[in-house]
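*Asks:* Annotated compositional bias 'Basic and acidic residues' per TrEMBL: 608-626, in sequence order. Residues annotated as region 'Disordered' in TrEMBL: 608-631. What TrEMBL lists as transmembrane segment is 14-33, 53-72, 84-107, 161-181, 193-214, 239-258, 279-302, 358-381, 401-421, 427-452, 459-480, 528-549 (among others).
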Amino acid sequence: MGDVVQMHFSTVDYVIFVVLLVASAGIGLYYAFSGGRQRTTQEFLLADRSMRCLPVSLSLLATFQSAVAILGAPSEIYTHGTQYWFLGCSYFLGLLIPAHIFIPVFYRLRLSSAYQYLELRFSKSVRICGTMTFIFQMVIYMGVVLYAPALALNAVTGFDLWGAVLAIGLVCTLYTALGGLKAVIWTDVFQTIVMFAGQLAVIIVGTHQAGGIAEVWRKAQNGSRISGLDLNPDPLERHTFWTLGVGGIFLMLALYGVNQAQVQRYLCSRTEKEAIMSCYAVFPCQQIVLTLGCLMGLVMYARYGEESPLDQGYVKSNDQIITPFYYGKITLHLSLRLQMVLYFVMDVLRDLPGLPGLFVACLFSGALSTISSAFNSLATVTMEDLIKPHVRPMTEARATLLSKMLALAYGLVCLAMAYIASLMGSVLQAALSIFGMVGGPLLGLFCLGMFFPWANSTGALVGLASGLVMAFWIGIGSFVSRMSASVPPVINATVIPDVGNMTTAVMTTLITSKPRPSGVQALYSLSYMWYSAHNSATVVVVGLLVSFLTGPWKEKDLNPGTIYPVLGNLLFFLPERYREKLCCVTPLEDNSKGLDRQPYQMARKETNGVAYTKEEDKLREEEGEKNTTQPTCNLAHTLQETAL
């Protein structure tokens, strides 16, 4: 067992890190003082709906490619092997479905916030509940995304913890509050390039030091890290082809289909076609990101074998964060796993001044891209869903200023959440888990609205509540179950100490837990990759049951464009009179022929902010201060708003 080793940065490394911050801030300042100078909410929150396919696609990629994810994939591959690689199979449908279902619905409704759809489809109450759920999800997540990598970097290199947190948090807040969505997207493009460069540097240098890619592959094979196709259908198995390839689809839909941070990027595209193409372009990029993470994990295994830096004592244990927990791309003692990968990077690049700084820039590019997207999307939903519908009309300048102040406020909230995470280590696991828990119920809520015309607002509210309860029940139950199982087991009267080696932990679990879990324990043992599917299905099933019990709605009473005719497409072989009874007749293309940017404008103001024209004010008075529809629409929405 070796002594704890701490790497150190050179002056060149610090310079590269500073260049990242200066360049990101510079992009924000450029868009703050060029073009329209962010004088309208349309420009600040939606980039004037003028973005091209390439920057939007790279921004989509970077939004949830956080520093934790960059370090998590190599840790997963090093510990458990390449089975995780099959997650790439889920990317095809996970991006194809948003491209051809969610994007057309959102884009043609000309929304600013995804949650405006919920009011058009259900009621104002559902919209507010969806918005508050999203805000809760993102506020907790963004602090951890900022703090966790800074903590790991501090432990490995001595890099000043709060210096890094404050620098990243304040710079990100600056360019998001000043430059708006354009600045966020173009900094994402720059940061994506830095992320690719940092990972490639580690892989190329590490492969060369290991003796070439063939030697890396040979060592990985000898160490049983090259996994075959596991077709075990058991949903309790952590990673199989089905959990990754099928369960992963629902995880992707929760991120790329209905999450406001991604929907906002679709809506800022010049045309619906460009929005769809940007979603297509994410597919190869995601495959590249997954491949880089996997290769990095294999190179790490080729360097250390079974004797990880953690086992050798080169990485110190941080007793703030010691609880094993499952989330997304990481099996974790969170801090230890991140520290281990960072130690590997610093070990590989230690004799090459500048490259450690490049990887740290890569790491914090992931943090910057994620939290800047969070700030902007949170400012958007707060403005569009919580302020505009409930305050008197205000001027465009005032609305834009308020949007900027909201982005600034969320930046300060992010720093506060990072501070809370520093006081309570368990907050890190809980926050990462909560982010995963909430995504599934929100996906279920949108699917309930888009695919099932009979669903009413009561069913939507009860379904969302049921999905959230189920999500937290499984998540917290799994957490408590794993905590109780983390006590070192006894095998043949020999105690195996819990030293953080997750391979040992998994093997001992397999040896001592042969009986298959049953009842509630089986639910707690469900693979985390099925969480989104399970929780979204709960929302849909409960929502439909409650809707039928309280009086289902008819398709003709709904606002046009809020239903995607998936049932009509699937049941095309039935006579029209039967499909009409099943509420699956109206195609999405109604009212949109020949129109690319303005197929649907119901219940939406086409002003950039919240200032209304005289005609709009008159209409608002006629409809009782509710959002109005176009003449081609009936008053169903007004009735639906008051259904509760």
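The backbone N, Cα and C atoms fix where each Cβ goes, and this holds for glycine too.
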*Asks:* For the transmembrane segment (14-33), what are the same-chain contacts with Cβ under 8 Å, counting residues 6+ beyond its ends?
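*Replies:* Long-range Cβ neighbours of the transmembrane segment (14-33): 167-168, 171-172, 174-176, 178-180, 182-183, 186-187, 190-191, 194, 354, 357-358, 360-361, 364-365, 368.
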*Asks:* Apart from its near flanks, which chain residues at least 6 from the ends of the transmembrane segment (193-214) lie with a Cβ under 8 angstroms of it?
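*Replies:* Residues packing against the transmembrane segment (193-214) from afar: 20, 62, 65, 70, 288, 292-293, 295-296, 299-300, 302-303, 344-345, 348-349, 352, 355, 358-363, 365-366.
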*Asks:* Go through the chain and flag residues at least 6 beyond the ends of the transmembrane segment (401-421) whose CB is under 8 A from any CB in it; none is fine as an answer.
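*Replies:* Sequence-remote neighbours of the transmembrane segment (401-421) are 38, 41, 44-45, 139-140, 142-144, 146-148, 150, 165-166, 169-170, 172-173, 176-178, 180, 371, 374-376, 378-380, 382-383, 387, 394, 427-428, 431.
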*Asks:* Which sequence positions outside the transmembrane segment (528-549), separated from its termini by at least 6 residues, show Cβ-Cβ distances below 8 Å to it?
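*Replies:* For the transmembrane segment (528-549), the list is 235, 238-239, 243-244, 246-251, 253-254, 326-328, 436-437, 439-441, 443-445, 447-448, 452, 454-456, 458-460, 462-464, 466-467, 470-471, 474-475, 478.
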*Asks:* Check for me, if you would, whether the transmembrane segment (53-72) reaches the transmembrane segment (459-480) - at least 3 Cβ pairs under 8 Å, residues 6 or more apart in sequence.
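*Replies:* Per Cβ check, the transmembrane segment (53-72) does not touch the transmembrane segment (459-480).
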*Asks:* Give the nonlocal contacts of the transmembrane segment (459-480) in its own chain as ranges (CB under 8 Å, at least six residues past its ends).
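*Replies:* Here the qualifying positions are 118, 122-123, 125-126, 129-130, 133, 325-326, 429-430, 433-434, 436-438, 440-442, 444-445, 448-449, 520, 523-526, 528, 531, 534-536, 538-548, 550, 644.
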*Asks:* Considering only Cβ pairs under 8 Å, which range in 84-107, 161-181, 358-381 makes the most contacts with the transmembrane segment (279-302)?
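*Replies:* Looking at each of 84-107, 161-181, 358-381 in turn, the most contacts to the transmembrane segment (279-302) are made by 84-107.
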